[in-house]
Amino acid sequence: MERESEQLPQTQPTDTFEVKEPRNHVFSKVSGIARSTVETYRSKPASHWLLLALFGGFMLTAFPASSLLSRLYYNNGGQSKWILSWAAVAGWPLTAILLIPTYIFTKSRPTPLSLKLAAWYILLGFLSAVDNLMYAWAYAYLPASTASLLAASSLIFSALFGYLLVKNKINLSSVNAIVIITTGVVIIALDSKSDRYPGITNKQYILGFVWDIFGSALHGLIFALSELVFIKILGRRSFYVVLEQQVMVSFAAFIFTSIGMLINDDFTGMKVEARSFKHGEVAYALVIAWSAVTFQLGVLGGTGVLFLASTVLAGVLNAVRVPITAIAAVIWFHDPMSGFKILSLVVTVWGFGSYIVGHSSSNKVS
């Protein structure tokens, strides 16, 4: 009896601990995420995070600028899809120039171009050329804000192709983000009549919608294949391989697109477009030139993030640029912004947040 009476008071602290357990559990989970974040940061040198921030900044600024320039091209009298897709890869020499000091300072030599590596570069270049052409068609018939929101679906395809080709994990947050972002795309489709430019037919709008989705799918595939090349062939050895891959892929895409330009006689068409451009030939030349520069910076950023991190982070940043582009298009081009489009934007951002938080909490190093 005495032992029983001595044990009775011990039940009270146990009950009190159970009441506080949920709060302690949440605090423990938050502390674990913070601790894993600090450990991840310390696992890499400061130069790694500096380069990652730089490349991520390129993706979040250069890609939206490139999208807005595409819409500016069409708004001011441009008509050719080939010219716009050609301008996207015409800036490949800019990255080639960056390789020279990289070789000098790192005392490195160019990566030997094997038959297998050359085949990969040609394949990625061809896919990039096709992807650029699809997006050129999309921006010809869709407002920049709508086209960018539809491009959010690239996160879905990046996750799926990353899982199939690179064995990146798909957790519950990935599935949740896929469902949410798909819902945002459906909302845009249901609101197709409110954001159509004057003179755009139903057939043209649907064509732009379809090409945008196909382009996003191909964009996700290119991300996954690029990471596969880094892992299987290049081995993530050094930063200069990032520049090498971009130069070779962009050069291959430039060749494919130039062939299309020649067949379509668009090099001659550029002179005709320049003369009839709304703000003159100089403005036309600036739009084409800046399209080349911004797109190359965006691709450099995406390739750098792939090298330093993975398809996961590249897909997230590529998707985060979508609301940036949509909001900028509404401000600068006065794109129509209906309630459905606002709802789609909110849903899309929600999907991004779900994806990012889920991958952070699962301690996946992006």
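Glycine is treated like the rest: Cβ placed from N, Cα and C.
Keep in mind that TrEMBL annotations are predicted by a computer and have not been checked by a curator.
Same-chain residues lying 6+ beyond the ends of the transmembrane segment (49-70) with a Cβ under 8 Å from its Cβ atoms: 41, 84, 88, 135-136, 139, 144, 147-148, 239, 287, 290-291, 294-298, 300-305, 308-309, 313-314, 317-318, 320-321, 324-325, 328-329, 332-333. According to TrEMBL, the feature transmembrane segment maps to 49-70 (among others).
According to TrEMBL, the transmembrane segment annotation covers 82-105 (among others).
Marked as transmembrane segment by TrEMBL: 117-140 (among others).
What TrEMBL records for 146-166 (among others) is transmembrane segment. Residues of the same chain lying 6 or more positions beyond the ends of the transmembrane segment (146-166) and with a Cβ under 8 Å from any Cβ of it are 64, 67, 71, 135, 138-139, 174, 177-178, 181-182, 184-185, 188, 195, 208-209, 212-213, 215-217, 219-221, 223-225, 227-228, 231, 310-312, 314-316, 318-319, 321-323, 325-326, 329, 335, 341, 344-345, 348, 351-352, 355.
TrEMBL lists 173-190 (among others) with the feature transmembrane segment.
With a threshold of 8 Å between CB atoms, the same-chain residues lying at least 6 positions outside the transmembrane segment (210-235) that come near it are 111, 116-117, 120, 123-124, 127-128, 130-131, 134-135, 137-138, 142, 147, 150-162, 164-166, 185, 241, 245, 249, 302-303, 306-307, 310-311, 314-315, 318. The feature transmembrane segment is assigned by TrEMBL to 210-235 (among others).
Residues or ranges marked as transmembrane segment in TrEMBL: 247-263 (among others). Here the transmembrane segment (247-263) has long-range neighbours at 82-83, 85-86, 88-92, 95-96, 99, 121-122, 124-126, 128-129, 132-133, 226, 296, 299, meaning same-chain residues at least 6 beyond its ends whose C-beta is under 8 angstroms from one of its own.
Annotation source TrEMBL lists transmembrane segment at 283-309 (among others). A Cβ distance under 8 Å defines the sequence-distant neighbours of the transmembrane segment (283-309), meaning residues of its chain 6+ beyond its ends; these are 48, 51-52, 54-63, 65-66, 69-70, 72-73, 76, 78, 83-84, 87-92, 94-95, 223, 226-227, 230, 236, 239, 241-243, 245-246, 250, 270, 273-274, 277, 317-318, 365-366.
If you look up TrEMBL, you'll see 316-334 (among others) marked as transmembrane segment.
Under the heading transmembrane segment, TrEMBL lists 340-358 (among others).
Taking every recorded stretch in 82-105, 117-140, 173-190, 340-358 and counting its Cβ pairs under 8 Å to the transmembrane segment (316-334), the highest total belongs to 340-358.
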